[in-house]
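Beneath this line is the structure, given in structure tokens, with notes to follow.
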């Protein structure tokens, strides 16, 4: 019996097709783009506290660290130093805009496809790595960081993975981000003790995963939605059949993709204005709220500046990198766990569990810092309390990885209808990277001024965003992208923005 589109008991549409080797290979290859991004995030945080790197470019920071009168919270409060880390996110935000349909240059995605965008991103990563490794001035470092663009991999994953497993496959991107960060910590640990050249090796090794991404981008096929959008329906049909399996009846899904893309093309001009329309209010709110809230979870401490935090509480440079590696391994375990449970228990429950846990652990870290850092004329805290901070950061990291860190890409890549998906995804990513830049730039200053209160600041925001999710985010697990509008139309609050569509449907069916 041919498998087509089936309507489940809850009203959701389920297309046929099995979890094929092809779809697994394609999605894993696309997700591996996160390997490069994760490596660069992880390596930058470790390099910024290496003495060989600081002696070369920021000798004033080394002098301050050796001063007995230096405030423990302010050791790394240097705006030029933080610019080395934060500048990468400026290039990423520009890349997100170019890869979408927001600007004139954004038409590159439609003309060359998401596969080619991934390839271009890999090449830019490669050149950025080479410039960073050979840098002799701070300007070269910042230029190399700005070349580290960001591709459209999460959107590619959402478009190619089966609805039943879309959450798991989209999270696979972040698994590779975590793997990249762990590898970066391991490399930093090995190169930290090398005088003069250790930091160059750390930055230069990033060229290896960049080459892997370039090769991988040449092997994957473009997504069916992207091929239909580019006017190649025959190739799109072949691609969809290959992804879903040779025995799958893809007609229902293919027709829905074609119809959705045709509707998007009819209104392609003014996509940004469309998001300002009342009908698209739920998507517009979420595309801004999700990346903003994620940045306010305190994630910058985990993913970028964990070595700086551990140096602040008293770890040596080598142990600070080791502590960061442990935190990233915990994140990897959390994301893998989320992969197995996100499509079983749903998005909302993980957001709730993660939010409550993060609040508890952030308050605990704040209390330890308040009671023991900088007290009794000591610059750092006792070893036992420093270890307690590491343990609490691991617990906090697991909660973050299980919820917001994994689910942000899932939600942002699946909530939009096709006519706003590309622009919505790009705006969300641009907002995220701009906030990455701001947080990376100001974190050490905030730490210097707010001291232990910075974790209470993050905990307050986690409380607010958890309440937001509980009240305003509908459950989207297992819902095909083409049927996502119906989920919002049934929500107790957002349904008011879909009443016009519902009334039109009722009139057409009775007429």
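Cβ coordinates are placed from backbone N, Cα and C, and glycine is handled just like the others.
Listed ranges 349-370, 481-502; the one TrEMBL annotates as transmembrane segment is 349-370. Between the transmembrane segment (382-402) and the listed ranges 283-309, 349-370, 454-474, the one holding the most Cβ pairs under 8 Å is 349-370. For the transmembrane segment (423-442), the partner stretch with the most Cβ pairs below 8 Å, chosen from 170-191, 283-309, 321-342, 349-370, is 283-309.
By the count of Cβ pairs under 8 Å, the stretch nearest in packing to the transmembrane segment (170-191) among 197-220, 283-309, 321-342, 454-474 is 321-342. Taking every listed stretch (197-220, 283-309, 321-342) in turn, the largest tally of C-beta pairs under 8 A with the transmembrane segment (454-474) is reached by 283-309.
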